[in-house]
Amino acid sequence: MAEETKQTDETTPSPTTKKQKTMVEQSPDSEWPAAWLMPDGDCENQKAKNMREPNVPVTVAELKDIGICYWKLDASAYDYPAISVPWDPKDAVDPKLAQIRDDRGYSYADIITVHPEKLPSYDDKVKAFFEEHIHDAEEIRYILGGSGFFDVRNKKDEWVRVHIKAGDLMTLPEGIYHRFTVDEDDCIHAMRLFIGQPVWTPFNRPCEEHESRKKYVEGFLEEKKTEE
């Protein structure tokens, strides 16, 4: 410790006493999934792309502004079970996934496949996933195969649709309004990661008085408004 805090002459390099931890940076903008604004009103077919006419793309900067984080991994390079509840994140052999796990403290994971032949009561579950809700913890999803949509509310309370595919690891901040659906291929293979115990409970909108929603609005959205 003394060596780490010792003042040195500007011409003399400080001794390296231990290796510094390297955080995995988020992926460059070019690797982020496509995102766009959805039309106003009810969504008649949740599995369709549901773009406005003309399409209104949403930028990576806008996604980051509402708290989305994203990393691109090579899911095809490693084998994962179709279903594993739980799945120990310590079993990750992908070094990038292992580094993200360690950086962000993910200690629990499971793997599911949302498909008519893999998920009991498939239609009911897919409909339930599409109810607008929040969680009282960060939501982390790593897509191992297939594809689907995460819809999140932007600062104008508009729906932003994000098309997630194999290799996408995306996090949604605690308290953000969101929903999920498979796309028209009806299949997504996903790893769900958690810090500590898994959080399953959705709190359906409206829940403005929920502490996690207040935390998101007051500590994030209002802060962003102030910066603007």
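Glycine is treated like the rest: Cβ placed from N, Cα and C.
Automatic, uncurated: that is what TrEMBL annotation is.
Source: prediction; values computed, not measured.
If you check TrEMBL, you get these features:
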type: REGION; residues: 1-34; note: region 'Disordered'
type: BINDING; residues: H133, H135, E139, H178; note: Fe(2+) binding site
type: BINDING; residues: H133, H135, E139, H178; note: Ni(2+) binding site
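This view paints the features noted in TrEMBL onto the structure.
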{"residue": "H133", "record": "Fe(2+) binding site", "CB count, 10 Å": "18"}
{"residue": "H135", "record": "Fe(2+) binding site", "CB count, 10 Å": "19"}
{"residue": "E139", "record": "Fe(2+) binding site", "CB count, 10 Å": "20"}
{"residue": "H178", "record": "Fe(2+) binding site", "CB count, 10 Å": "23"}
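Same-chain neighbours of the Ni(2+) site beyond H133, H135, E139, H178, judged by a C-beta within 8 angstroms of the site's C-beta center, are, in sequence order, I134, L172, I176, Y177, R179, P202.
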